[in-house]
Structure formats: structure tokens, C-alpha cells
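The block underneath contains the structure these notes are about, expressed in C-alpha cells.
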Amino acid sequence: MANFEPLYPYLTPLNFQTLLPYFFCTFMASTMDDSRHKDATSSSTCFSHFCSSALRAKTLKSSSSANNSSDGLIRRLGVFDLILLGVGASIGAGIFVVTGTVARDAGPGVTISFILAGASCVLNALCYAELASRFPAIVGGAYLYAYTAFNEITAFLVFMQLMLDYHIGAASIARSLASYVATIFELIPALKGNIPPWVGHGGQEFFGGTLSINILAPILLAVLTVILCLGVGESSAVNSFMTAAKVVIVIFVIIVGSFKVDVDNWSPFAPNGVKHIFTGATVVFFAYVGFDAVANSAEESKRPQRDLPIGILGSLLVCVVLYVGVCLVITGMVPYNLLGEDAPLSEAFTSKGLKYVSILISIGAVAGLTTTLLVGLYVQSRLYLGLGRDGLLPSIFAKVHPIRHTPIHSQIWVGIVAAVLGGLFNVHILSHILSVGSLTGYSVVAACVVTLRWKNNTGNRVSSKCISTWCEGVLCIFLVACCGFAAGVLYRFGTHFIFMIVAVVIAIMACAALCFRQAYSDPPGFSCPWVPIVPSVCIFFNIFLFAQLHYEAWIRFIILSIVSVGIYAFYGQYHANPRSDETIIYHMAPEEDRH
């Protein structure tokens, strides 16, 4: 008989991505054990190896010698650097655009949309902050947390979903940055109207749009890649300068715009009803994505256990304040129904005779896109570094320059991928399949918080009943996720609200069962409050948002998951680096860095 007891720790609310590998691996392993054929075929041996490898997990091992090797990354980032890193990743040109476009539907109530979305992201940030404090010594972010809380194949699936978002996102941002840079060049009279499309504006299309040549985007990517290869100190200095300039411009825009505000424009506050405010919150949620980049700088933070939670939460709170300030200004300056579509904030200032502010907004957009692209490339290289060390990718990605202390091979690789995509293809048309990786990562992190609290209290796994308390808890988390997806689908297709209420009530009951039927321990370092309530709310809302994505994003999620399992089956399982007891060890921060 198949014994599914080992399956319980691995059940998560991540639907297909997490459940399928565990059921498949456990079923195949148990089936092969029960058959016990003397003449085992080669295929059964492969399946057995796949199952044992896929279910392998990292374990903790504290060591004062961690991160002291000469070829490792170097700790140079302080708390202020981490906050600017998170702000740089989160606030791009969108703060000057998305605020106005959403306000066209939500009206002045877009302010509430940003507050609701910010509150949801704060809950996700609390989960990230706990795990960043718990695993402060090495790069990896959501990939590392999934590897430790669940297993190898789940971590690889998370990496692949995140990386596709990062690659396409970097290429798309590079094209937008090239367009803004070309616009600034056109302020020179001799260049106005003389810059061809293949240089910066959009691209020169060939073969019916299959190819779209843009040479400025790869050039900008090459410059940023060189900066990142020089060292984390140099790239952090560039990011800090550009982020500070961007924040100063945003604050200046808010101050100048506040003198042009007409409070009558704030009435009615929700002209199209409360539903559009909530719909707006689901849209602007992705404007905050980026604070999780701080978690990937763990190995380069001076005092990671203290500074990483501050950097994650601090950067997110700064973003919330700036977004809300811009929303109040733009909806107060111009009636919401008169806002432009392409550049609403810039057009609002132009209509008030403040043309110079529009120029500042363009400069701020360039600074915002630059920092977003810089941090995105930085995070990608650190993720590749983590997988290269673990053997899930070729070892060349694990190499760190002995002088610059940067993963140069990984950095050059991500730069090349972004340059090829951004220079040859119009990746903007793929924007509707993005955000899958972010929502997957956030959901995994929230599940990891709950699971790791259980793992530190092994008593709740032992039960004389037919269903253990561990299994009860996992089923409750899965139920919360299912309710979140059901509520999202019902909301998307406009069904009667009573069905959504039923889904929410069931999720609340499942969360209550998690509260009263499970035992939790307090982790070292920063502790996410109200576990499991906060992680459950995160999972529910993240999966709710997943249901709002374009149907092609769902297809991309499934196809990429299948491809990822295939890549792992043919390469990852044979090259992973298991150490003692078939686990992969990573080291916690040195003692002096944990105080």
C-alpha cells in the first residue's frame, strides 16, 4: 500500500505547481516499492532516483565560517542601501502613469485602491521579513525558502516561474527606458523628430512584426551589466543616486501639485462605485512588486538578520506614501474623467501651465526605469548564483569573481538574455502573462512561514488519530487557497456576491482551524505577527489575484511548470549537490552578523 504520510509536509496551497510533483513522486515511489520485482527495469530505477531527488530538501547548519571564503560575495550593504534597493525595484515610471490610468475608472477612490493594495503587500512583506531574518546568510529568496520548507523540485519550479517574469520584465523595461531616453534626446532641436524607430522609439518591425529591432535597449542593458559586474558597492552607489533623484522628483511633484489641487475634484469620491475601487486595488497591487528584491541581497548585507526585515518593510512603506501622495495630487488637479491615458500626470501639469514639471517627470521616469532595471538584473544574477551552487544549473553560474566579488558569469548571462529579447522582439505584447512568478513566489513564501513554524514544533505531527494534526493543517491551507481561487473566478465573471461570501466564510473557518488545531513556535529574529492568520490572508489574496490574470497567463503557468519538471528530470536531479544525509546544507550568518 502507498504510504502518503511523508506527503503531508509538502502539501501547499499552490495548486498544480506544488501538489502534482508530490503526488506523482510519492505515488511512483510507493508503487515501485510495492511491486518489488526482482528484475527491476531501468525505467523504474530512473523513477526511483527522480522521486528521491525531487523530495530532497535543504537543512540548517549554523557555522561561523559561512561566507568567509575569498571567492564569495562581500557584505557591503547597510540598512539604508537595502531600503533604497527596495524602493528602486518597486517604483519605476509606473508611478507617473498607472496612478492616472486607474483613476479614470476608480475616480479619487484610487487612493483607497493604493492603500488596500499596499496593506496587502505589507502582509506579504511581513512573511518575507520573517524568512529573510531566519535565513540571513545566503542568496535565494523565495527559491531558498521553498527549498528549505518543502523540497528540491518545488524550489526549482518557483525559480523558473520567477525567472521568466524577470527575463521578460527586464527586456520590456529596457525598451521603455530606451523610449524615454530618446524622448529626452529629442529635447535637443537638432535631434527632434530625427531619431528613427529602430534606435529608441518602439522598434523597426520586420516579418509582420515578428522581429522588432531596437538598438538602444541592448546598449543600455550592456551599460548596466558592466556596472553590476564592477561590484555591489559600485552598483549600490548608482542605485542609491538614481533612487534618491527619483524620490526627490516625486516629492517635488507632490509639493508643486498640491498648490494646484481643487478639493471639489475629490467629489464624488467613488463615482463608479466601491467595486471599481477594489478592482483598482487588484491592478495597482503589481505596482508594489519589487520589495522582495531585498531578500535576495542576504549574502551582501552587513547585518542581515536585523537589516533585511527593516529594508523590506521600510522600502514598501516609502512606496505606499509616495503612491498615495501622487494619487491625491493627480485626482485633485484634474477631474478624474479628464485624465489622459498615456501620460496622465505629465498632461495634468501641462494643463496647469507647468511644462517644466512635465520635463522633470520624464527625468524621474528615466531614473525610475533605470533603478528598476538595475535591481532586476541584480536579483536575477543572485538567483542564478544560488542554483549554480546547488547544482541545479551548470556550475559556471556559481563562480564569483575573486576581486570584484560578483557572480560575473551569471550577471553577463542575464544581461545577454535581456539584450536579445529587448533588442529583437516587442516583448510589451507579453506583459499580460507576467506577474505569475511574483504571485507564485509570494504564495510560496507565505506557505513557508506556516510550514517552518510547524517544523520547529514536531509534537504537532504525532497523532493517534487516523488523520494527524499535520495533515489537518495542510488541508486547511489548501482549502484557503482553493477558496481564494474560487472567489477570484466568481468575482472575475461577475456572479452573485453571495457565492463569494460563501468562499470567504469557508476560508475563515479553515483559518480558524489552523489557529486552534495547530501548535506554533516563535522563530529566531524577526517574527511575523498573527501566524497563521497573516500568511492565510496572503495566500487567499494572492491566489485571488492569480484568478484575475489573463487566461494566457494560466496557460503559461501550466506549460512552464511541465517544462520545468522536464528540465529537472533530465539535468537537475543528476547534478544537484546533496551532502550529508542526502540533504543540501547552507550556512547561517556568522555570529557577529546576527547581532
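If you go along the chain as it appears here, the first residue is 1 and each next one adds 1.
Even glycines carry a Cβ here, placed using N, Cα and C.
Through the fold, the transmembrane segment (82-103) approaches residues 110, 113-114, 173, 176, 180, 236, 239-240, 242-244, 246-247, 250, 280, 283-284, 287-291, 293-294, 297, 301, 307-308, 310-312, 314-316, 318-319, 322-323, 326-327, 330-331, 336, 339-346, 348, 361, 364-365, 368-369, 371-372, 374-376, 379 of its own chain, all at least 6 residues removed from its boundaries and within a Cβ separation under 8 Å. Sequence annotations record features per position, and here TrEMBL assigns transmembrane segment to 82-103 (among others).
Among the features that TrEMBL reports, transmembrane segment is placed at 109-131 (among others). Within its own chain, the transmembrane segment (109-131) is flanked in space by residues 99, 102-103, 145, 269-271, 274, 276-278, 280-285, 287-289, 291-292, 294-295, 308-309, 312-313, 316-317, 319-320, 323-324, 327-328, 331, 336, 442, 445-446, 448-449, 452, 523, 525-529, 534-535, 537-538, 541-542, which lie at least six positions past its ends and keep a Cβ under 8 Å from the stretch.
The transmembrane segment annotation in TrEMBL covers 143-164 (among others).
Here the transmembrane segment (206-230) has long-range neighbours at 170-171, 174-175, 177-178, 181-182, 198-200, 238, 370, 373-374, 377-378, 381, 401, 404, 406, 408, 411-412, 414-415, 418-420, 422-426, meaning same-chain residues at least 6 beyond its ends whose C-beta is under 8 angstroms from one of its own. Marked as transmembrane segment by TrEMBL: 206-230 (among others).
According to TrEMBL, the transmembrane segment annotation covers 237-257 (among others).
According to TrEMBL, the feature transmembrane segment maps to 277-298 (among others).
The transmembrane segment annotation in TrEMBL covers 310-336 (among others).
Per TrEMBL, the feature transmembrane segment maps to 356-379 (among others).
Sequence annotations record features per position, and here TrEMBL assigns transmembrane segment to 466-491 (among others).
Residues annotated as transmembrane segment in TrEMBL: 497-516 (among others). Beyond the transmembrane segment (497-516), the same-chain residues lying 6 or more positions past its ends with a Cβ under 8 Å from any Cβ of the stretch are 450, 472-473, 476-477, 479-480, 483-484, 486-487, 490-491, 532-533, 536-537, 540.
The domain 'Cationic amino acid transporter C-terminal' annotation in TrEMBL covers 526-575. Here the domain 'Cationic amino acid transporter C-terminal' (526-575) returns a mean pLDDT of 93 for the predicted model.
Summarising the annotation, TrEMBL assigns transmembrane segment to 528-547 (among others).
Summarising the annotation, TrEMBL assigns transmembrane segment to 553-571 (among others).
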Composition by DSSP (helix, strand, coil) of residues within the domain 'Cationic amino acid transporter C-terminal' (526-575): 41 helix, 0 strand, 9 coil
Outside the transmembrane segment (310-336), six or more residues from its ends: residues with CB under 8 Å to it: 79, 82-87, 89-91, 95-96, 99-100, 103-104, 106-108, 110-111, 114-115, 118, 121-122, 125-126, 128-129, 132, 247, 250-251, 253-254, 257-258, 260-263, 265-266, 271, 284, 287-288, 291-292, 294-295, 297, 301, 344-345, 348-349, 351-352
Cβ contacts under 8 Å made by the transmembrane segment (237-257) with residues that lie 6+ beyond its boundaries: 80-81, 84-85, 87-88, 91, 95, 227, 318, 322, 325-326, 328-330, 332-333, 345, 348-349, 354, 357, 360-361, 363-364, 367-368, 370-371, 374-375
